[in-house]
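Enquirer: Handing you this structure, nothing more for now.
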Amino acid sequence: MLAVIKLGGSVVTEKTRPYTLREDNINLFADKTRQLYNENIEVVIVHGGGSFGHPTAAKYSLGSSEFSRIKAYGFAETRYWMSYLNLKIIEELLSRGVPAISVQTSAIAQTRNRQLHRFNTEVVNAFLERMLVPVLYGDAVIDVTYGVAILSGDDIAAYLAQELRADVLVYLIGSGGVYDRPPGRPDARLLREIRPSGALPQTSESALDVTGGLRHKLSCAFSAARSGVRVAIGGLTYLREMVLGQDAPYTRVLPE
Ligand code: IP8
């Protein structure tokens, strides 16, 4: 069984406090991944930028057109912070005996018009064949139209799930699933199912997000679901249940 897990930036970092890790969640994620790995479930991890990637990319307007010397520096700084965050996650997995291997996204992916254009899936597959756990991330990448762009981990996870014919794609998010209204509100209700033809939930994303937040995540999730991958969106607590398709409080993404 193959699971592609997108580990949301808001799960592993404090989204409102720049460059701050959520170490408790990183540890819990590593514990749960060890359990899956020990049950011979193949895992590919893709993490988001959280308060490491997004503020840096925004500071240098990496998503806008016109490349410049200052953007070159911003590209390098964004890459630095993403590598830093990636290594923190890898460290915890390795210390639990999980053979996690960092895959530098910008070395194997490019965009055109800010859409995924080239991606070396073979290298990810070759790592899987050798019982490794590849850990990729949303990243600053070469864009053949605009010079550079930000490629979201949400796109990478959906793309890989389809290309590798994963059994399941899980989006782990800080709020624990998709709600009918902003999750902080007392009357907010977890949606147990969501489909593209239904109304999109209202969100109140205040933290800086250069890649489009929940709306973008849902469009990636729907495209994977339409291609036949089972897709779930939920919190870290129920990672195992989502991977195995068991009943628990999370959101199932239906193809139509
Ligand atoms: O948080 C964005 O990845 P995401 C990565 O998965 C950067 O959208 C560098 C902001």
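Cβ coordinates come from backbone N, Cα and C, glycine included.
Pulled the feature table from TrEMBL, pasting it below:
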DOMAIN    1-233  domain 'Aspartate/glutamate/uridylate kinase'
BINDING   K6, L7, G8, G9, S10, G213, K217  ATP binding site
SITE      K15  site 'Transition state stabilizer'
BINDING   G49, G50, H54, G153  substrate binding site
Enquirer: Of the binding-site residues K6, G49, H54, which ones put their CB under 6 Å from ligand 1?
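Expert: The binding-site residues passing the 6 Å Cβ test are G49, H54.
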Enquirer: Rounded to a whole number, what is the top Cα to Cα distance in Å among the residues the record ties to substrate, namely G49, G50, H54, G153?
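Expert: If we measure all Cα pairs in G49, G50, H54, G153, the largest is 12 Å.
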Enquirer: Among the binding-site residues K6, G8, G213, which ones place their C-alpha within 10 angstroms of the C-alpha of G49 (substrate binding site)?
Expert: G8
Enquirer: Based on the record's binding annotation for ATP (K6, L7, G8, G9, S10, G213, K217), what whole-number value in Å is the widest Cα to Cα distance?
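Expert: Of all Cα pairs among the recorded ATP binders, the widest measures 13 Å.
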Enquirer: Other than K6, L7, G8, G9, S10, G213, K217, which residues of the chain come within 8 Å of the ATP site, judged by Cβ distance to the Cβ centroid of those residues?
Expert: V11, G48, G50, G153, D154, Y171, L172, I173, G174
Enquirer: For K6 (ATP binding site), which of the recorded positions K15, G50, H54 has the nearest Cα in space?
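Expert: The smallest Cα gap between K6 (ATP binding site) and any of the recorded positions is with G50.
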Enquirer: So which other residues, same chain and not among G49, G50, H54, G153, have a Cβ within 8 Å of the centroid of the Cβ atoms at the substrate site?
Expert: G9, T13, H47, G48, S51, F52, G53, M82, Y137, G138, S152, D209, T211
Enquirer: Ten-angstrom check, please: count other Cβ atoms within 10 Å of the Cβ of G153 (substrate binding site), all chains counted.
Expert: 27
Enquirer: For G8, G9, G49, G50, G213, listed as binding-site residues, tell me which one has the smallest number of other Cβ atoms within 10 Å.
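Expert: Selected from the binding-site residues G8, G9, G49, G50, G213 on minimum Cβ neighbours within 10 Å: G213.
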Enquirer: Tell me the coarse DSSP state (helix, strand, coil) of K217 (ATP binding site).
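Expert: SS state of K217 (ATP binding site) = helix.
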Enquirer: According to DSSP, which kind of secondary structure is G50 (substrate binding site) found in, if we only use helix, strand and coil?
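Expert: Its secondary structure by DSSP: helix.
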Enquirer: Any idea which of the recorded positions K6, K15 has the thinnest Cβ neighbourhood at 10 Å?
Expert: K15
Enquirer: Count the Cβ atoms, other than its own, that fall within 10 Å of the Cβ of S10 (ATP binding site), considering every protein chain shown.
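Expert: Result for S10 (ATP binding site): 22 neighbouring Cβ atoms inside 10 Å.
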Enquirer: Tell me, how many other CB atoms lie within 10 A of the CB of L7 (ATP binding site), whichever protein chain they belong to?
Expert: 27
